[in-house]
Each structure stands twice: as structure tokens, then as C-alpha cells.
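Shown next, in C-alpha cells, is the structure this report addresses.
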Amino acid sequence: MAASELYTKFARVWIPDPEEVWKSAELLKDYKPGDKVLLLHLEEGKDLEYHLDPKTKELPHLRNPDILVGENDLTALSYLHEPAVLHNLRVRFIDSKLIYTYCGIVLVAINPYEQLPIYGEDIINAYSGQNMGDMDPHIFAVAEEAYKQMARDERNQSIIVSGESGAGKTVSAKYAMRYFATVSGSASEANVEEKVLASNPIMESIGNAKTTRNDNSSRFGKYIEIGFDKRYRIIGANMRTYLLEKSRVVFQAEEERNYHIFYQLCASAKLPEFKMLRLGNADNFNYTKQGGSPVIEGVDDAKEMAHTRQACTLLGISESHQMGIFRILAGILHLGNVGFTSRDADSCTIPPKHEPLCIFCDLMGVDYEEMCHWLCHRKLATATETYIKPISKLQATNARDALAKHIYAKLFNWIVDNVNQALHSAVKQHSFIGVLDIYGFETFEINSFEQFCINYANEKLQQQFNMHVFKLEQEEYMKEQIPWTLIDFYDNQPCINLIESKLGILDLLDEECKMPKGTDDTWAQKLYNTHLNKCALFEKPRLSNKAFIIQHFADKVEYQCEGFLEKNKDTVFEEQIKVLKSSKFKMLPELFQDDEKAISPTSATSSGRTPLTRTPAKPTKGRPGQMAKEHKKTVGHQFRNSLHLLMETLNATTPHYVRCIKPNDFKFPFTFDEKRAVQQLRACGVLETIRISAAGFPSRWTYQEFFSRYRVLMKQKDVLSDRKQTCKNVLEKLILDKDKYQFGKTKIFFRAGQVAYLEKLRADKLRAACIRIQKTIRGWLLRKKYLRMRKAAITVQRYVRGYQARCYAKFLRRTKAATIVQKYWRMYVVRRRYKIRRAATIVLQSYLRGFLARNRYSKILREHKAVIIQKRVRGWLARTHYKRSMHAIIYLQCCFRRMMAKRELKKLKIEARSVERYKKLHIGMENKIMQLQRKVDEQNKDYKCLVEKLTNLEGIYNSETEKLRSDLERLQLSEEEAKVATGRVLSLQEEIAKLRKDLEQTRSEKKCIEEHADRYKQETEQLVSNLKEENTLLKQEKEALNHRIVQQAKEMTETMEKKLVEETKQLELDLNDERLRYQNLLNEFSRLEERYDDLKEEMTLMVHVPKPGHKRTDSTHSSNESEYIFSSEIAEMEDIPSRTEEPSEKKVPLDMSLFLKLQKRVTELEQEKQVMQDELDRKEEQVLRSKAKEEERPQIRGAELEYESLKRQELESENKKLKNELNELRKALSEKSAPEVTAPGAPAYRVLMEQLTSVSEELDVRKEEVLILRSQLVSQKEAIQPKDDKNTMTDSTILLEDVQKMKDKGEIAQAYIGLKETNRLLESQLQSQKRSHENEAEALRGEIQSLKEENNRQQQLLAQNLQLPPEARIEASLQHEITRLTNENLDLMEQLEKQDKTVRKLKKQLKVFAKKIGELEVGQMENISPGQIIDEPIRPVNIPRKEKDFQGMLEYKKEDEQKLVKNLILELKPRGVAVNLIPGLPAYILFMCVRHADYLNDDQKVRSLLTSTINSIKKVLKKRGDDFETVSFWLSNTCRFLHCLKQYSGEEGFMKHNTSRQNEHCLTNFDLAEYRQVLSDLAIQIYQQLVRVLENILQPMIVSGMLEHETIQGVSGVKPTGLRKRTSSIADEGTYTLDSILRQLNSFHSVMCQHGMDPELIKQVVKQMFYIIGAITLNNLLLRKDMCSWSKGMQIRYNVSQLEEWLRDKNLMNSGAKETLEPLIQAAQLLQVKKKTDDDAEAICSMCNALTTAQIVKVLNLYTPVNEFEERVSVSFIRTIQMRLRDRKDSPQLLMDAKHIFPVTFPFNPSSLALETIQIPASLGLGFISRV
């Protein structure tokens, strides 16, 4: 295939870029051979002319198709080159957040600088047992591969972790060791795996430091060998260390730190035990302040110190040794502060009593003067004499630093030795896995001796890596029988020879160190003379004579010669060492005990591990004596030897490679620096691996995978039955160049780029097919659209025309109708107008005539009234004039007469005064008297005449008087009327005047009142407005308060309901957790019991030698029987001959007593929880009625309570009366002993039964009355509630009306005060109710907390006991239980005594009744004559045959018990029983045997039978525990046996569904409740074993059937895979499919149904099976990137639908099994939904409620398109999902717990089978038992 076929228009290529290293571009036109320039279009939108190299004419690298980007294995890429590798790593790291990637046999690990949740125990369990290619890349996959190969190939393994500082080497090695510790466990009780992990914090504290690149950089290399025994369990470990960076002790660069341990000591200086060290802040010491960065952000050195000390304690380093270590480290810090003063150029001194030196000497226990002397002097020895020479200040400082480094190195070695001693195991090591954590290739601006050694070690490791890769490639080619051609790869042997060969760099360095006057300059000249221009890999810098350049495999490195000799010699003065050896501090001389060994030439070869484990990379400080000079090894020599030993070890093992990459230098999380990444990829050999793979056939496909992927490129005639031949034929047509591929035995091998070419052909074919499908579908859609439009147009036309015709007809009809309407309307209008006018005229006439008549009438009436008025006025005027005239006349007369009388009187007065007058008077007196006499006579006559006249006149006058009187009376009446009228007028006038006065006064008052009223009105209005506002506010407050009360009540109700629901759920969860923990404890107990049995058997086989003639019996039965004794009588079991069958076995009995006590305690706790649950339910009901209770009136409540209490008292008194009567009857009956009295049918017996019947009926009636009363009370409360609510609702209206009616300010104020008091009262009631609810909730929480504490305490005790050995655990448990039960027995003793008395009394009564009944039967039999008895069998023909009345019991002899157990349990075959016999037959037989023992009142027999049954079932399950049928059979029978014990226990709760006959079969003598608990625990253990069995059967099928197998063929294609081949998804022979799973489920279900397992239990088993299927499938989906695609989501949903269909067929949809698949269903839906917009994100968040946030994000990150038509999920969309889900509170755990077992319950399921009808088949071999 020519290049022009690939470099076509729109092809994408990679071009070099100085910033991004490689940049992507697209061809704008096809490339033709001979073109010198390529027209490219960059991704940022620019066009570029790319000039080809005129010499090589090398075209740019092609870019892989998008579907290959992000692959798990880099070798799966079609184009294998540097930009493809870099881009794939970047996409996985940045977009998918995946830090691990395979590159062939190498695992590339990129440091995320962030904690990721991918290292939990669930992840470890998920990777355990999986093939390396079946899961996503992970350090655990590498560890599992190493562990598996060690066990499979029985060959030691090594994991080589390399990378530069800060890349994460130490963390990767730590996780690998954690995996081994978790998966394998330890072979002893010493928890070796914990010790192995505990060595990490110690080594990190003394060997790690902060650098500019890494906060926790390992400054030494280490190789840890983890040892395993024959069963591949950890037994120990051994550590080798390499090249500790000692110079860091005395010098740190800027922004760096010394080793962590120094800062941890300074941070803990204030601890009491560290006072003696006299430490302080790290800034106070010269050795810790040079870097200027004493604190690491986010690290607490004090806490790290505590962790270090804990690790030391765990590894067995005593407190005294720990304090010794800290003393030496503190002494090093104080030594660094020792200062020197120059006396002259060649000598120096230390100030007297120098405090740092004094502290150093005190801590080290050495003499101050001696140390002070040898710090400033040195001893020189010649051939003849020895003399002491002072040294300069600079030399003294260097000597001090050398001493500090030497002490630290020795301390480091000592700690490593002690760690190795702690990890050493006495058990022989069978194999090991080594974890090498070593520095990667390093290059800095200034490179010295340390970098030289590091790069030398990496050259050796790279050589070993290249050879291993080359070897694997060769093996693969030979395995597939591919012609092998030599692949040219970089061989770094010349570089290694340059360093380590004779006259190499190290050899010349050692030789120069031996020279007396050797310097770095002379050594550099020797290097130039020896290697310059002779070795192509050695160069000399142009501008330096003190440096050299070596061409390493990764890069050129320039080394500065300065310091090489000194670091290689690593000199320290021996006199200073001698001073330290003479220390009084015992630990210090121990550090230097190996100096003598170090100078021995044979010490390094005596043991292969000695130099590696103790001093491989540490300089050995020899004495300056003659032998030391001859035999002391330099640092380079030691390092070369240890490196050779390491390479020998690695070559003897199978290596696994982990390359750690540092993505950036700034420690930013998930930030990728392409330049730094490329440097490290080149340095660590990843690109070399790619180059080796690309040189051959990197892409490899099986024939089936190739056929499945590229079936679309084949025609039907090309498809043959032979897949291999089909693939050959197709490839010959598709790829003409046969050198581009090779056919192996099982695979097709492709050159680089060929898979991309095939993918291009496949995509083109699919695109063309899509275009054709689109064209056809679009044409069909348009035709259908046209036909629909044409049909619609015709229909519209038809309807429009019809509509128009109907409109015209309607118009005509309306026109005609309008004419008729107009005619009648006009006629109507004219007629109506005429009638109106006529009516108006008549009305006008009538009104006018009436008006004229009324006018005339009013005129006449006025005239008449005027005449009357004139008459009255004229008469009144005449009378008035007359009266005035008469009054004037009379007045004149009176005046005149008065005047005349006054004149006469005056005359008389004058005459009387004179005598003459008197004389004159007397003179004419007689005459006058006579005259007068005559006059009198005349007057008498006149009088008589006058009298007559008067009488006449009187009569006239009387008549006239009467007339006048009548007139007078009339006038008087008129006058009176006038007076009255006048008086009335006057009174009216007076009243008017008064009224006027009052009016004036009123007006003035009115003005005042108005003013006052105005003011009052204003004030009132103001007050009213204020009151209205206040009223409004009060209303609002009231409404708010009411709303708040309602809301708070509602909230409180809801809160309480939620709390109750939550607490109920929590209690249920706690109960389930408790059940789960309890069942786990049972599981652990059974496991430990089995282990204990195994150990006992082993010990018996090793120790016990049976004597002839005497064989120990199986003690299982007898010992267990003794544990079941409930009384003080203990009987010894007799020896049974059948027990001699196993002479060498000695079974350890099950500690049933402890077991029963523990079960009893757990049952009590469950009962307490149930009580708490009932209490919570009761509180919930109270809360629901709390609102009604708040509004209830106290009188009603009091009356109801009083009524209820009276009724309850009455019922109690009635019950007491009935009880007394019953007791009296019992007493009366018990006193009589005559048989006929108590016999059935006797009068007393009938009376007793009638009394009991009446009593029970009366009790039932009373119970019903109580229930009725309670229901009435509840209904009354509910009836009161709406009324109160109505009153509450109308309060505001009534209040408003009252305020409107109130006119008095005081009333308004009083109402306001009353309203406030009402509000306060309501608020106080609310608060009191709230407080009561809170108190109740707090009390419940306290009870729950106390219950939890009790549970935790019991669990802790159980956990502590389980951690002990079996004997100690049993003993401790017994002691604990004895203590607890002793306390409980003191409280229960009285109750037990009472119960015993009652039981004894009842037993006596039963015996009396039984005896009397027996006597009656005997009496009846005596009435039969003997002759009749003899004659009956003589006539058998005439006697009808009668069946024997069996009692449902089985009788057996005690010595046949073992035979019964053997035939019925131990040797019973479940398959035959399940097919031929009734389900649960063994359980029924055992129970009927128990019934007979109970009937005989033989407690020993009951106990023995039950104990033998339980132990035999355990023995069967232990022997055949992997057989599903056996486990299912005995689970079913155990549950049936348990149900029988409950059904026939005599307890009312279990007798509801029994027949009368079954009730007669109840147990009478024994209460087997504790044995029921033991059987329940046994059933739990069997259930757990059943789950483990079905899990082991299903687990190999699940991933293959649910994920890998294509149930819907052709939906998903197989993507290209790399070197780590995954399990094929094509259904080859032997692979599991979904049908396999369904067949297995059918098998499980049919077996359980045949065995008669309870339906509820079957549902629980099915739920557990479906949970296992869903959890394992989802976990694998989350850990497999190739499974996260749209098509795989469709496959999963189809598979789940098939499982649901299976549930429907089996009527198991209500078992809860479907709900366990919900996370898997949602994950499949997540793979299929759109993932672009915010609406899609919202839909995903609402849809995936069963998945955690971590799982959702993981699926989105792993989503991978299988075809080019699918799109990847954008990073922004994933961030949107994370933002929306940030408030969701769910578990951060990524994987589901596939090992989780739901707590099992055994609902009571009574049997309708009558015991007396059960027949025992002869096949069981139970002829020795008989039916009773």
C-alpha cells in the first residue's frame, strides 16, 4: 500500500512544534510522490506549508482514527509513534481522568497530584482473580498478574517501579504491597501484612524528604521481597536499600528540606518524653533551616511523628530503642550547630563549654573534652610514627558534617535491620514477590556522583527491560509460528561497559581514590586520556576541563567532576568513631559493630543478601589502618556489587514494569505538560517499547475478532465456514502487499498503520451504506409526505367546496327568512307604535281631566273653607268688640260710681263730725222712721209684687239660665278649650322659648360637641385606624401564628414523621446491619470452628496414637449434649459401637452453651429493638393526633379520660372477678380427687368447661367493648377537631365585628389585651407541645443510643473474642457470659422459682387428669366380658377393617440414634429424596422422633437427638458444602424442622393456622425455644453457604454472559486491542452466554422448589442472586473502558429485560430482585441517552438516582465510541454533571460491594401436612423406628 493512499485530502497528521511538542494538522490536498511541500490546516484555523526534509523526505506521522484515541493499551494504536503515544496519554489523563495506561508489558502511571477513590478494598476485590487484560489498567492489575503468575508458574516475581522524583513511585509501590497484603492475608496470627505496610511510614520518615519536585521524595532505593508460603499467604518480608542520599543530612538546597524525621522531632519537642532532647523549632538548627522551607503545606509533622512511633511499636521496636533513635537524631541536629573559631590558617578551636557540643555529648554519652579535641585535630600515621595534627576551620566543618552523615547512615542501616528482623518469618519461604522502588533517570543543571550512580542503575535496568521485551516478542512470534526477523533495538551495553568495565569510569575513580594525592582534576584528565575520541558515548565539554558527558539511553548528561572522589571515598576520622564507640549510651556502639565486618573481604560474599539488606548502598566507614586501606570498598564499588546482585535477582524472577510519569513541575492536579511528559517517556523506555513493537507486527487480531469487526467488508460469497480461510481470502483482496500482515496459528499480525487502513475502509463502507440508507429512507419519507399532502389537499378541497355550497344555501334561506321577518317586524312596529300613541293619548286625557276636576274641587273647597274662616273670624271680631265695649262701659260705670261714692263718703265723714248734724239727724229721725215704715210697707208690697215678678222672672230666668248655662257651659268648654289651647300655645311658646334657649345652648353645645366630636372623631379615627392597623397586624400575627402553628404543627408532624420514618428506617437498617453483623459473626464462628476442627484433626493425626483394643469415640455428641443440659442432672453417654468407625478422629464439640447464650442475648437485643419500634409507632400515632389534642377542651378531655378510666376500672374489676371465679373453680376441682368428678362427661367437668367457655366469651366481649370504646374516643376526638378548626377559622371575622361594634376605647383596649393573652396562651401551648415532642424524641434518641451502645459493646466483645485463639475465645466468652448471667440470674431467680412452682403444679394436675382418664378407660374395658374378647378374632370376615389411629410420633431406641442420624442425614442423597419423596421428609421424621421423646418426658433423649442432628447437618455441609443441591436440601429441611418446632410448640402465635388435630400434636413437656434459636442460626449459616456456592457458580458466567457476549448479534463491533488481550465477546465454544445464566437460574430455582424450600426464602435467594449479577456486572462496567459504549448499553438493557422476563415467568417480580438491578439499568441508560446539553444533564441527574456521583462521572469518563459515528462526552458536560450533583449526599465508594449478603429472615410457614399421614419409605433404611 503506497503512502499516497494514506496521505490524502482531509487526512490528519502530526507535525513538530516547539511549544506543544506535536501539533495536529489536516491535509488540504492529496500528497503525490515528489511533492516537497504539504499544504496543512492547523486546528486553530491557520493554514501552513510544511516543507519535507530534502534528504530523508520523511512524511509527518499520521494520526490515529478517533475511535482508537484513549485506548487502554498504547500498542492497540494503529500508528505507533511518539505523538500518538503522547496524545493518547493526554486524552486519558485530562479528559477521562485515567492515570493508568498499558504500553505492552509496561504500566504507565501518571501522578494526578490528587487523591482518587480508586484504591479501596472494593477495587482490590474487583481486580482479584481477574486477567490482566480484562480490566482497565491499574497498579492492582499488575500486582494481581504477579501474584497469579507466582502461584501458577511457581516462579518468583518482581515489580519494578521507576520514575523521576515526584512521579509517584513510592505511592505505586505502597499500593502494590497493600494489594498483596489484602489479597493473600497472612499465614499466622501475627498480622504480617500489617507489619509490611507499617514499614512504609518508618522508611518514609527516615528516607524521604521534600525537594523542589516532590514533597515526599524517596532519597534512597529499596527492594522489598514479600515472602509467601506454599499456600501463597504472606509470611514475612525483607528489605534492601540502595544509595541513601547522605549529603541531605548536612545540606539542603533552596525550598528543600532535610529528612522528615528531623522536622517531626522538632514538631514534637514539647512532649514530656522529649524534654531531655532539648529540641526546639526547626529554624534553630543549621541542618534543618538551610532550605528555608521547614513546613510542608497540608502536613502535620507532629501527627506524622505519632504515626511513625505507632509503626515502630507495631514492628516490635521497643520504647527504649525508639527513644535511643530519637536521642541520636537530636544529637545530629545539635552537632550541626557546633561552631569553630579559627586560630590561624591551619588550626581552629571550639569555644569553651560550647552549648551545642555539650548537649551532643550528653545525648551521645561521650566525653566532652575528648570529642572537642578530635573535632579540631586528626591523627596521622606513617610507617614509623604517629602524630596529631590540627586542622583548619573548613576541614573541621567538613569533618563534623562527615561525622553527622556517618552517624545517620549507620542509624539508617540499624533501623532497616530491625525492620527486617520484625518482618522475618521462621516459616520456610516458598516464593516471593519483589517490589523495586528505585529512582528514575535524572538530569539537573549540576549533576554529581549521586546522579551518576542513579543513571548507571537505570542503564542496567533499561538493558534488562529491553531484553525482556525482546524475549516476549520473540516468544509471541514463535508461539504463532510467524517467521522471526531480527528487530534492531537500542542496546545500551556499550554505555554500561563505559561505566563498569575494566578501566571504565568507576574503575578509574577507585584507582584515583587510592592515590595519595589524587584529585578530581587528575581523575578527569585520566578519563579524557582513556575514553575521549575512543568511545562514541563519552564526550568532553567545550568550555570545561572538570566535567564529562555520557550519552545515556535517554539523553546526554554532563557530570561535574568536583566532589566525585570525596563522595566515593566517604572519609570519616576514626578517632571520632572511637569516641562514639566508647559511649555510655549502649545503643550508639551497636551502630558501629559491623565496621569490622565491612572491612573483611569475605563479608560481602558470605551471604547473598547481607550486603543488600544491611549495607548495599551505604558507605562503609573503615579504619585508617593498613588493613582498612587495603580492603575498604568505595561507595562506587559497593553500589556496583549491590546492583549486580539486584540484577541477578531480577533476572531470576519474572519482571513487571511500572513507569511513573510526572505530568508537570508545579504539582497542579490533572495538568499535562507535553514537554516534561515526552522527556520522561523517552527516559523510562516507553517509547523504546513502542519502537520495538512498531518494528514488527504490533496489531494482533484473532480470526474470530477480525471476522466480527470487518464482516462488513466481505461479500456473502466470501464467507466460508472456516473463519481462518475467510480472513485470508478477504485480506488478500484488501491489502495487496503481503508483507504488511502475517497469518499465525490463532491470530493475524499486522504492520503499523494497517489497522487504521482497514478502519478507513470499514468506515467508508459503513458511510456509503449509511448514505444509501439515508437516500432510500429520505426518498420514501418524501414520497410518503407527498402522498399525504396530495390526499390532504383533495380532502381540503372537498371540504371547502362543500362548505361554500352550504354557505350559499344558508344565504338563500337567510334572505327569505329576513324578508318574512322584515314584514312581520314592520307590521309589529307600526301596530306597536299606534298602541303606544293611543295609550299615551288616553293617559294624557285621564290625567288632564283629573287635573281640572281636582282644580275645581280644590277651588270650591277653598271657597267653603274661606267662608267658614270668615264666619269664624267675623264672629270672633264682633265678640271681641262687644267684650271690649262692655268692659269699657263697666269700667266707666265703676269709675263714676267710685267717684260718687267717694264724694258721698266725704260728705258723711264731714257730717258725722258736727253736732248739728246729729241733731238734724235726730230731728227728722221720727219722720224718717215713719217714712221709712211706710216705705218699708210699700217696699214689702213692692217686694211681694217683686217676689211674684221675681218668681215669674225666676222661672223665665231659670229657663233662660238653663239656656245660658248651657251656652255658658258650651262657652266654658270653648273657653277651656281656648285656655287649653292658650295654655298649650303658652306651653308651646314656653317650650319654643325653652327650645330656642335650648337650641342656642344646644348650638353652642353643638359647636363644642362638634369640636369635641371632631377631636374625638379624629382621635377615634386615629385610634380606630391604629386599632385597625393593630387589628390587621394582630390578624396577620394571628394568621401568621395560626399559619405558623399549622405550619409548625405540620412541620413538626412532617418532621416527626420524617424523623420517625428515618429513625424507623435507621432502626430497620440497624436491625439489618445487626442481623448482617450477627450473621457474619455466625459465619466467622463457623469458619473458626472448622479451622479449629482441622487443627485438632492435624494435631490428632500428629500426636494421638490409638492404643489397641481401646478407641476414642466421637466426642461431638456427648460433649454437645452436655452443653444442652438445662438442669443440674448430667448423665454420661454410653459408648456406642458405631462410633468406633473413626478411631483416629477426635472431633471438637461445638460450644453450644456459649452459642445459646450469645443467641439468647442477641434475641433479647432484637426484642428490645422491636419494643423500641413499637414505641416509635405509638409515638407516630400520637404525633398524627397531636393537632387534635392541642385544640381539645380540657373539660372534654377530662370527661373522656374519666370515662375511659372508669370503663377500664370496670373491665379490670370484671376481669378480676372472673379470674377469682376461675381460681375458685380450679381450687374446688383440685381438692376433689374422685375420678368421676373430673372425668370427661362428669357434671363437675361439664360445669368447668361451661364456666371456662363463658369466661372466654366474657373476655372476648370485654375486649370488643374496649376496642369499641377506643374507636369511639378516637372518633370523638376527630369530630371535635373540625369544630375547633371551624371556630379557629371564624375567629378573625368575629373579632372584626366586635371591634366594629365597640365604641368605647376601654373595650377596644380590653379586647386587644385579651387577644394578646390568647396569642400568648397559644404560643405557650405550642412551646409546651414542642418541648414535649422534643423531650419524647430526645428520650427515644437516648434509648436508641443506649441500645446502640449495648449492641456495640456486645459486638466489640464478640469481635475481641473472635480475634483470640479458639480455646482462649471460648474461655473468655464463658467468663464474660458467666459474669453477665450471674447478675441476670439474681434478678430472674424469683421468677424462675414461681414458674417452676406453677409448672410442677400443672404437671401434677395433668398427671392426675391423665391417671383419672386412664382409670376410666380401664373401667370401660373391664365391662367387656372375656368371652367377647376371645370371640372377636374368630369371625374376621364379619368385622370391618379399621385403620390404626396414629399419633404422628416415631419411636426409636436410644442406641439406634446414631443409625438414625447416619441413614437420615449423613448418607442421604438429596437427589433421590427430592424426586421420589415428599419435600422436607427428613425434617418431619426428626420432629416426630422429637415428639415421641417429648411424650416420654425424656429430656436427655430430646437433647441428644437435637444435638446429633445439628452436628450431623454441619458435618454433611462441611463434607459436601460445594454441592448446591446438598446445601439447598438441608437449608429447606432445617427451615422445615424449625417451622415444625414453632408450629407444634404450643404457643398461640404459631397455632393460628393449625387444625384441631395438629393442636393435639403440640409438644407438652419441653420448651425448645433455645433450640429453635440454634436451628435458626444453623439455617443462617446454611443460607450463607448457599449464597457462596451459587456465587462461585455464577461468577464465571456473569461478566461473559452479561457484558462480553453479544446477545444481539452485530450491534457492537470489536475494537482493536493491544498486547493485553481482553476476553473475546464472540461466543466461542466454552464461553458463557446469557442463556447459560438463565439455564443456571432455572436449575437453581427448580432444585429449590423440588426441595420444598419456603417461597419467601426462595425470593430472598433470588434477590441475592440478582444482586450478585448486578453488582459484578456494574463493577466490571466501571472498570472496563471498552464496555462503556452505546451499543453495550443496548446489550445490557436487553440482557436485563431477559432477566426480568425470567422473574415474571417464575412469579418472582415482588421478590425485590428487580430493584437490585436498578443501578445496572441506570448505567445502561446512561450509556444510551444524549450527553450534550444542560437539559440532558438535568435528565441524567434525575434518572440516575440509584448511582452515586462517582459512578455517574466514571461512566461518562469511560464512555468510548465504538464507531466513528458516535461522539465522545465533552469535559464541560461532565463538569456540568458534577456541579449539579455536588449537593447529593451519597457514598464516595466507586464500586458496589459484590460480597454483600442481605440479612436473611425465615418467616413462619406452617405445614398443612398431618403428621399421622406421613409414611416412611423403606429406601431410607429406617426399619428400626416405628410409628406411634
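Glycine residues also receive a Cβ, built from the backbone N, Cα and C atoms like all the rest.
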**Q.** Where TrEMBL places region 'Disordered' among the ranges 598-631, 1108-1141
**A.** 598-631
Q. Looking at the ranges 22-44, 643-665, 1678-1700, 1793-1815, which is given as region 'Actin-binding' in TrEMBL?
A. 643-665
Q | Other CB atoms within 10 A, centred on T170 (ATP binding site) | A | 23
Q: Calculate the per-residue pLDDT averaged over the domain 'Myosin motor' (69-763) and state the result as an integer.
A: 82
**Q.** Neighbours of G163, E164, S165, G166, A167, G168, K169, T170 excl. site residues, C-beta within 8 Å of centre, ATP
**A.** N111, N214, S217, S218, G440, C660, K662
Q) Does anything in the same chain, at least 6 positions from E164 (ATP binding site), have a Cβ under 8 Å from its Cβ, and if so what? A) R213, Y439, G440, F441, E442, C660, K662, Q680, A683
(Q) What are the sequence-distant neighbours of G166 (ATP binding site), meaning same chain, six or more residues apart, C-beta distance under 8 angstroms? (A) N111, T211, R213, N214, S217, K662, K667
Q) G163, G168: which of these binding-site residues has the sparsest Cβ neighbourhood within 10 Å? A) G168
**Q.** Residues satisfying Cβ distance under 8 Å from A167 (ATP binding site), sequence separation of at least 6
**A.** A109, N111, G440, C660, I661, K662, Q680
**Q.** Chain-internal residues near S165 (ATP binding site), provided their CB is under 8 angstroms and they sit 6+ positions away
**A.** T211, R213, N214, S217, S218, Y439, G440, E442, K662
Q: Run through the domain 'Myosin N-terminal SH3-like' (8-60) and tell me, per DSSP, how many residues are helix, strand and coil.
A: 0 helix, 24 strand, 29 coil
(Q) Just to be sure I understand the packing, how many Cβ atoms besides its own are within 10 Å of the Cβ of K169 (ATP binding site)? (A) 27
Q. Which numbers of helix, strand and coil residues does DSSP report for the region 'Actin-binding' (643-665)?
A. 9 helix, 8 strand, 6 coil
